[in-house]
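What TrEMBL records for 26-48, 60-81, 101-120, 140-158, 197-221, 241-262, 274-294 is transmembrane segment. Under the heading domain 'G-protein coupled receptors family 1 profile', TrEMBL lists 41-292.
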Amino acid sequence: MGRDNQTRVTGFFLLGLSGQSEQEEVLFGLFLCMYLVTIIGNFLIVLAIGCDTHLHTPMYFFLASLSCVDICFSTVTIPKMLVNHILGSKSISYVECMTQIYFFITFINMDGFLLSVMAYDRYTAICCPLHYTMIMRPKLCVLLVAASWVITNLHALLHTLLMVQLTFCSNNVVHHFFCDPYPILKLSCSNTFISDLMVFTVGGLIFMTPFTCIIVSYAYIFSNVLKLPSTHGIRKALKALSTCGSHLTVVSLFYGAILGVYMRPSSSYSVQDVVATVIFTAVTPLVNPFIYSLRNRDMKRALRKLVSDSTV
């Protein structure tokens with residue numbers, strides 16, 4: 001009984017991104033604007049794809065799914081930080097923290113899986129154009145997204161169940177703006193060997209599988225392009241770059257920030273890693289709509305049509 005009273009915590013304290021009140025005010029306004037633009041931008045992408053029948057293709061189905069995930073991904077972390085700032089509080093309950101961890105792991109993995117599915121779609125469209133419609137059937141597209149949801153939720157459930165088994169002592173201050181699994185692991189006063197092992201085995205597998213699929217897909221795309229005759233190869237290379245450029249930009253931004261944070265033991269987590277975390281939790285969902293809409297003529301046409309129809 002004494003041990004339970006000593007180790008059972010009711011919540012954590014999120015220190016945020018800065019300890020100075022002046023900087024917190026600026027960051028509050030910045031994150032509020034980023035969150036609103038993220039929600040509006042991704043919602044417009046989903047609405048434009050849903051309303052334009054010309055965009056009812058596998059590529060845009062996956063893009064709409066990615067936008068939905070980005071909306072949820074941002075909603076998991078940013079609103080709680082904004083509410084705490086308004087209320088003048090830095091606390092988050094234990095249940096809220098564990099819930100945040102669960103959905104954070106789910107949506108960050110879903111981003112990776114959807115990016116890999118989109119890479120496979122581009123590979124099929126460029127390397128197997130004659131068989132594209134037969135391969136990328138609607139049932140397969142739905143199955144790929146559904147399987148991604150199942151895998152990511154099971155992984156998040158496993159990690160969260162291991163987290164709730166840990167013991168937390170008097171130190172419950174998190175040097176972050178949300179319940180990131182690594183800083184929470186660092187606070188535990190019990191043995192985190194099993195959790196760390198799961199991170200580097202199951203977590204590493206869940207992370208590296210879609211990343212490897214992306215690398216292999218683009219390796220096949222450009223190797224096939226280079227094997228074509230010069231004139232035809234140049235035209236197809238330009239087409240590949242035009243359709244894959246947006247996707248590659250998002251992949252570089254997303255995975256570039258994650259690799260430096262989560263491919264290390266939890267004990268080595270530093271405050272500097274918060275910057276990289278902000279990039280893939282707030283910046284990537286923010287820029288995704290702009291990257292895909294500004295570099296895609298079909299999306300720009302659909303958005304203009306959506307705006308004109310709503311104005312009329």
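For all residues, glycine too, the Cβ spot is worked out from N, Cα and C.
Taking residue pairs at least 6 apart in sequence, the transmembrane segment (274-294) and the transmembrane segment (26-48) share three or more C-beta contacts under 8 angstroms. Only sequence-distant pairs (6 or more apart) were considered; of these, fewer than three Cβ pairs between the transmembrane segment (197-221) and the transmembrane segment (60-81) are under 8 A, so the stretches are not in contact.
Mean pLDDT for the domain 'G-protein coupled receptors family 1 profile' (41-292) in this predicted model: 86.
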